[in-house]
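K.L.:
Copying in the features that Swiss-Prot gives for the protein in this structure:
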BINDING   K57, R60, Q96, R113  isopentenyl diphosphate binding site
SITE      F98  site 'Important for determining product chain length'
SITE      F99  site 'Important for determining product chain length'
BINDING   D103, D107  Mg(2+) 2 binding site
BINDING   D103, D107  Mg(2+) 1 binding site
Amino acid sequence: MNGDQKLDAYAQERQDFIQHFSQIVKVLTEEDIGHPEIGDAITRLKEVLEYNAIGGKYNRGLTVVITFRELVEPGKQDPDSLQRALTVGWCVELLQAFFLVSDDIMDSSLTRRGQTCWYQKPGIGLDAINDAFLLESSIYRLLKLYCREQPYYLDLIELFLQSSYQTEIGQTLDLITAPQGNVDLGRFTEKRYKSIVKYKTAFYSFYLPVAAAMYMAGIDGEKEHAHAKKILLEMGEFFQIQDDYLDLFGDPSMTGKIGTDIQDNKCSWLVVQCLQRASPEQRQILQENYGQKEAEKVARVKALYEEMNLSAVYMQYEEDSYNHIMGLIEQYAAPLPPAIFLGLAQKIYKRKK
């Protein structure tokens with residue numbers, strides 16, 4: 001396949017994936033929406049699904065489907081197994097939605113995917129906490145409905161539970177490293193940053209979708225999973241660093257969100273890099289302005305980052321990281337097709353959103 005054909009194939013996969021969402025909503029709501037006792041709650045679930053699971057890039061969910069297609073020989077890709085792969089892909093997207101709805105409340109965010117955060121909508125507020133729980137429990141309802149008879153059912157349940165736990169541990173590290181109103185720059189070390197990123201982002205964004213497809217393709221060996229994890233966690237680290245960079249230097253019309261890392265006192269890659277390079281005077285500027293809500297203080301931190309040319313530091317890091325990941329793919333991809341990892345790398349490097 002040449003580049004254009006690959007793009008067309010990907011666009012088709014994406015379209016099929018998005019079209020499957022109506023079936024997901026139907027399966028989760030159709031039976032009980034007219035129920036005399038819980039019908040109203042199911043109407044709310046439908047609304048929650050339709051507002052929060054849609055509008056992203058669908059990279060995580062699509063990764064399940066694309067990896068499944070790469071791993072399973074065409075003759076065994078019958079309509080039922082493809083339906084299951086699409087559904088498990090949507091389970092990953094629902095996990096993402098569960099995290100994002102919760103995360104936006106914790107970070108006091110305003111927009112997500114180019115629209116108002118769910119909890120910010122009139123009449124929603126902190127009821128969004130329970131809505132997030134609904135998104136999470138929908139995952140296990142779908143897995144039961146579609147995969148209960150499959151030999152990999154338990155592997156998938158354990159994988160989703162483990163990924164949720166790891167992400168929640170990462171979020172805990174993130175929150176305790178950046179308590180609101182208590183700026184302690186000494187906490188922002190490279191070591192702590194890497195731990196946050198590995199647990200909060202890399203497991204569920206990169207390992208989970210590939211591992212899910214591996215289990216569905218009958219690949220359950222520890223060695224194969226450990227090797228895939230080695231590559232995917234590194235990719236996840238790069239992806240989060242890129243996200244931190246785009247939080248401040250990205251274009252909100254592209255990213256769909258307005259970054260809040262500076263005012264939220266976050267242990268971001270940019271602040272870690274700044275601290276590694278700062279003179280005592282520059283550190284003082286950071287101390288006085290970081291983690292504060294005032295627009296002029298946020299602007300002062302951004303000006304400091306620009307003064308220290310952190311954009312150039314990032315560009316160099318992106319280059320080095322890409323080369324490092326290519327080396328890992330060469331070393332650890334087999335027996336899986338390298339195309340799985342190369343396709344993911346292609347999607348994330350040089351992205352703008």
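Quick reminder: no glycine exception, Cβ is built from N, Cα and C everywhere.
Each of these features: where is it, how hidden is it, and who are its neighbours?
P.N.:
With a 10 A radius on its CB, R113 (isopentenyl diphosphate binding site) counts 16 other CB atoms from all the protein chains.
DSSP assigns F98 (site 'Important for determining product chain length') to a helical segment in the three-state reduction.
In sequence order, T167, Q171, Y204 make up the list of same-chain residues 6 or more apart from F99 (site 'Important for determining product chain length') whose Cβ falls under 8 Å from its Cβ.
For the recorded site, D103 (Mg(2+) 2 binding site), the DSSP three-state label reads helix.
Taking a C-beta cut-off of under 8 angstroms and a sequence separation of 6 or more, D103 (Mg(2+) 2 binding site) has the following same-chain neighbours: S109, Q171.
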K.L.:
Beyond K57, R60, Q96, R113, what residues of that chain have CB atoms within 8 A of the centre of the isopentenyl diphosphate site's CB atoms?
P.N.:
G56, Y58, N59, G61, E93, L100
K.L.:
About how far apart, in whole Å, are the alpha carbons (Cα) of R60 (isopentenyl diphosphate binding site) and D107 (Mg(2+) 2 binding site)?
P.N.:
22
K.L.:
At a 10 A cut-off on CB-CB distances, which of the binding-site residues K57, R60 has the highest count?
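P.N.:
Highest number of other Cβ atoms within 10 Å: R60.
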K.L.:
Work out how many Å separate Q96 (isopentenyl diphosphate binding site) and D107 (Mg(2+) 2 binding site) at their Cα atoms, rounded off.
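P.N.:
Distance between the two Cα atoms comes out at 16 Å.
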K.L.:
Over all shown protein chains, what is the count of other CB atoms within 10 A of the CB belonging to Q96 (isopentenyl diphosphate binding site)?
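P.N.:
I count 22 other Cβ atoms within 10 Å of it.
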